[in-house]
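**Student:** Okay, here's the structure, questions in a sec.
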Amino acid sequence: MAPGREGELDRDFRVLMSLAHGFMVSQVLFAALDLGIFDLAAQGPVAAEAVAQTGGWSPRGTQLLMDACTRLGLLRGAGDGSYTNSALSSTFLVSGSPQSQRCMLLYLAGTTYGCWAHLAAGVREGRNQYSRAVGISAEDPFSAIYRSEPERLLFMRGLQETWSLCGGRVLTAFDLSRFRVICDLGGGSGALAQEAARLYPGSSVCVFDLPDVIAAARTHFLSPGARPSVRFVAGDFFRSRLPRADLFILARVLHDWADGACVELLGRLHRACRPGGALLLVEAVLAKGGAGPLRSLLLSLNMMLQAEGWERQASDYRNLATRAGFPRLQLRRPGGPYHAMLARRGPRPGIITGVGSNTTGTGSFVTGIRRDVPGARSDAAGTGSGTGNTGSGIMLQGETLESEVSAPQAGSDVGGAGNEPRSGTLKQGDWK
C-alpha cells in the first residue's frame, strides 16, 4: 500500500469510530438546541464570543461547540469569524420555523436519551427503562412520558412538529373523503386531526385522548377565541366508551403496545366503527422478514425502552387487524418516514353463521391486558376454526407489498378474534 493511502483496516477503524462517536454528534446537536444557538444565529451573522456573552457561557466552550456545528453542516462559518445557520438548521432547528423539529429533538435529548443509556439492561429485561432513566417505575409507560406538565407539553409539541411534516402525506395516501365521521385516537394536540379537517372539509373530525392531554390541548394548542375545526373528547381508549365513527386514525399508536393489547384495542374499535368503516394505521413498517430498514429497527428498540410494543411487519399488522374484525388491509408508502395502512371493517369477530348454510365457526377470545391491575396480563383464549379466507397480492409502486385478506365465500366459516366473545350473522353488505 502506498504511503498515505487508506487501507481496508483503516477504513474499518474509521467506520467503527464513527459509530462509537455517534452519541457525541447527537449531544452537539442537542446542546446547541438547548442553548438556543440556532435561534441566535437566525437573527443574523453572530460571533462565538458574542453568543457566549449573551448567555454568560464559557467563550472557549461556545467556540468549540459552534465549530463542531459548522463541521456537521448545522452552521456556516464566515471569514470574519461569524456564523450563520445552514439551510437545514433554518428549516428544522429554529423555533419560529413552520417545520421546526426543535421540541421533538429536545424530547429525544432528555427522556429518550436517558432510556437509551440503559439499552443493555433493556435487552436483558425486555422492558422499558424509565425506573433507571427518570426514577419512575412505569407499568403504564405514559405515566412516565406525562410525568409532569412540562414533559407532557414537550412530548405533545414534538408530535405536533412531526405531523407538520408528515401529516398531509399519510392522510392523502388513501382517499378518505367518503368517511363522514373521523376520530383520531390518541391524537394529542390535534395537529393531525386539524389537517384531516382541512383536507376533508365534508367530514366531522374529533380527537380522543386522555383527560390531561385533552385539557392541555385545549389550553395550549388552540388559538384563543378561534372556533376549533375539530372536537376534543376525553377518555381512556382501553376503558372508556369510544365515540362512533366511520374512520379511526391510529397514528403511531399500535407500536406502543404488545399484541394482546393491540387486539384488545382494535376489538373495541370494531364495535365503535360503523358498517363500511375502516382504520387508518400509520407506522414505520419493517420490511418483509423484519431485517430492516435500520431506522425502523432502531425505533423498535426505542419502543422496548420506552413503551411495551415494537415496530412490526405489514403482515403483523394485517394479522392483528384481521383478528379484530378488519380483514382487508392495504399498505402504501406516501413518502417520508411512515407507511399508511387502510384496514376495512368486516363482520364482528366471534361466532358467525354462514350465509345459506347452518354451519358455524367459533372465534377466539383474547382479553389482552387487564387495566384494573397494573402490569397484569391475561392468557385466556378460546378456539378458532373455519376456512374460506383467501389472499391476493396488492400491487403498489411496482411490487407486492402486502396481501389482502378477502371476504369469505358464502357458506364458509370464519374464525375471528376480539377482546370478548361476540356472535352475529354474516349479512350482505357487511364486507365493505
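Including glycine, each Cβ sits where the backbone N, Cα and C put it.
Okay, so Swiss-Prot annotates it like this:
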ACT_SITE  His255  active site, proton donor/acceptor
BINDING   Tyr146, Trp163, Asp209, Gly235, Asp236, Phe237, Arg252  S-adenosyl-L-methionine binding site
BINDING   Asp256, Asn302, Gln306  substrate binding site
REGION    373-432  region 'Disordered'
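Could you tell me the structural context for the features on the list?
**Tutor:** Over all protein chains present, the Cβ of His255 (active site, proton donor/acceptor) has 24 other Cβ atoms lying within 10 Å.
Taking Cβ-Cβ distances under 8 Å and a sequence gap of 6 or more within the same chain, the neighbours of Tyr146 (S-adenosyl-L-methionine binding site) are Arg152, Phe155, Leu210, Asp212, Val213.
Sequence-distant neighbours of Asp256 (substrate binding site) (same chain, six or more apart, CB under 8 Å from its CB) are Pro141, Met303, Ala307, Glu308, Gly309, listed in sequence order.
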**Student:** If we count other C-beta atoms within 10 Å, could you say which of the binding-site residues Trp163, Phe237 has the fewest?
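**Tutor:** Sparsest of the binding-site residues Trp163, Phe237 by Cβ contacts within 10 Å: Phe237.
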**Student:** Note the Cβ centroid of Asp256, Asn302, Gln306, the recorded substrate site, then list each other residue of that chain whose Cβ lies within 8 Å of it, in sequence.
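**Tutor:** In sequence order, the nearby non-listed residues are Asn128, Pro141, His255, Leu299, Met303, Met304, Leu305, Ala307, Gly309.
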**Student:** List only the single closest residue to Asp209 (S-adenosyl-L-methionine binding site), chosen from the recorded positions His255, Asn302, Gln306 by CA-CA distance.
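**Tutor:** Closest candidate to Asp209 (S-adenosyl-L-methionine binding site), judged by Cα separation, is His255.
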**Student:** For Arg252 (S-adenosyl-L-methionine binding site) and Asn302 (substrate binding site), what Cα-Cα distance in Å is obtained after rounding to a whole number?
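**Tutor:** It is 13 Å, counting Cα to Cα.
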